Amino acid sequence: MSDAKNNLLLFFDRPSEPCFMQKGEENAVFEIPDNYYPEKYQRVSNAIGNRFGSDAGRMIPIRNIALPNLDLPMELPYNEQFSLFVPKHRKLAGRLIDIFMGMRDVEDLQSVCSYCQLRINPYMFNYCLSVAILHRPDTKGLSIPTFAESFPDKFMDPKVFRQAREVSSVVPSGARMPIVIPSNYTASDTEPEQRVAYFREDIGINLHHWHWHLVYPFDAADRAIVNKDRRGELFYYMHQQIIARYNVERMCNNLSRVRRYNNFRAAIEEGYFPKLDSTVASRAWPPRFAGTTIRDLDRPVDQIRSDVSELETWRDRFLQAIENMSVMLPNGRQLPLDEETGIDVLGNLMESSIISRNRPYYGDLHNMGHVFISYSHDPDHRHLEQFGVMGDSATAMRDPVFYRWHAYIDDIFHLYKYKLTPYGNDRLDFPNIRVSSVSIEGGGTPNTLNTLWEQSTVDLGRGMDFTPRGSVLARFTHLQHDEYNYVIEVNNTGGSSVMGMFRIFIAPTVDESGKPFSFDEQRKLMIELDKFSQGVKPGNNTIRRKSIDSSVTIPYERTFRNQADRPADPGTAGAAEFDFCGCGWPHHMLVPKGTTQGYPMVLFVMVSNWNDDRVEQDLVGSCNDAASYCGIRDRKYPDRRAMGFPFDRPAPAATTLSDFLRPNMAVRDCIVRFTDRTRQRGQQG
């Protein structure tokens, strides 16, 4: 049975090549029944079977089953783009997920996959199979290969693929040199936004966004797939943290904080030319010229007819709900927005997911915002153009307007947070616990974080359809930091040991013009670095915590992991949560870039009472190392407090951060120093 489970992963290998061709390290071939072959191959099915089966490393017989009705998923042409933001595509994907989830065992799933893989749009097939593997009880131990392995065309310069085809055809597998991806290939230095392209176009960051939306889909026939613990709040918090991080990166590069996209009638000043090609659609991703305005959509092919005024109506209804602190339900009654669950209700309304309390009334503001922007170059399909990068969760974060749109959405959520009662001492204090200091120790100067460029390699071999087999490595440049430790001095004046929840954040200290931030501005720029629980015994305690253990990030190896390197066998605890573990902020982007002279920031630590924060649950074998932005699979979010606590609410009594401090908190001024040099991955220093 575990063999059949592993066979499912072969469908991710060279996704546009038919599954009767050799797949994976073992050159496995699916032996499919004659009636499964598409019409174009049916007359030669025997010859095909003999041709690819003769030197196969392993033959996989496929059970001939009565196939479900696939008419709906097959409405999306094989060689089109696929977007979860487009309601029609969402409906087709929801039906296919339903079919995959409904197969009675793994053998039947393998059978229907072999039929679908030859006919269904590869992007949609990959997405639906990934969601099914993540959520079926009998496939939970499987590690889905990273999306950049299957579809590298969504993440890098198309020139790389021409070189890769040349290398794989000419050079034998073991002797291939990595192909270098240029770092700045989408714009010149004349474009100020290009200064933060290293963040927007980072492969790991875009993979994080894609994987988060894979783990938290907003549509499926089975509500349990969508209705996960606090998913609406997590939607708010994960994107809020992205905006905080992006704003800090901008200030490190002498740019102002991102301006909200809040006037839907105004032109979008920023243009974006993605320089990406879609291998499935055989088209270049369309650009958006500077000064483009979103216009009413009328695209019958996508079943979209929507006016810009609809966005404005949905927004106004949303603001009205916050003003009234209650949401209108379909039956006309009001659901109060309380301080415990209000943000979760609003998050699901905003996104909007199928668990939105009233989708017909509050609409689909977040998703349709993406759709309007992504079709701004061809709103009525007269030029037969497909959507731009804002229409795909794997590419949206490359575009500067993504951050402008989400800065506005974040602002709307903050309006709700402003209506909540500020935290009092009862919520902030931890009696008998005093944090006397926090500091950073690393390889060099104390309280200094060091950043630089690093070159790493990713294997494109699995995504190179119709080319000779073997690894094809691409080398790309990304930001990296030297690892460091937090050193926290805590004094427990009580008579017994207690468990504390340590919350570590970092924020800039001065704004674009060099003026110190007010507390209200600074709290919105607080970046969560780590959160962990630890015992505090009576007297003085020195607690050291390694940066590599952050609850926010996943290690480099998991962002770019090779599916063949999965720990342990499927079904064991070591592998059981590996797929969920693919969700997390990339560790190489934990620390902002800083500046060559040293960018001033403030490190903040708070110790709260674990007894107030804890969620009673068994976490054995659970992947909880990146729980801050991703939660834990099949479990509750592992912290009862609001996400972003203690900075999620305003504190009118505090004008500066030092006014806000309690005895169980401490701060330390530190600097982030960037050195403009590049090291190879694996080198130290």
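Each position is counted from 1, following the chain as shown.
Quick reminder: no glycine exception, Cβ is built from N, Cα and C everywhere.
Model, not experiment: these values are computed from the prediction.
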Among H383, H406, H414, H478, the candidate listed by Swiss-Prot alongside H366, H370 for Cu cation B is H406
Candidates C583, C623, C670; Swiss-Prot says the disulfide mate of C630 is C583
Close to H213 (Cu cation A binding site), taking Cα pairs within 10 Å and only the recorded positions N254, N324, N540, C583, are C583
If we take the Cα of H366 (Cu cation B binding site) and draw a 10 Å sphere, the recorded positions of H239, N254, N324, E351, N540 inside it are E351
Whole-number Å distance separating the Cα atoms of E351 (active site, proton acceptor) and H370 (Cu cation B binding site) is 11
As a whole number of Å, the Cα atom of H370 (Cu cation B binding site) is distant from the Cα atom of H239 (Cu cation A binding site) by 14
DSSP says N540 (N-linked glycosylation site), in three-state terms, is strand
Between the glycosylation sites N491, N540, the one whose Cβ has the fewest other Cβ atoms within 10 Å is N540
For N254 (N-linked glycosylation site) and N184 (N-linked glycosylation site), the CA-to-CA distance in whole Å is 18
For H239 (Cu cation A binding site), the closest of the recorded positions by C-alpha position, picking from N184, N324, H406, N540, C630, is H406
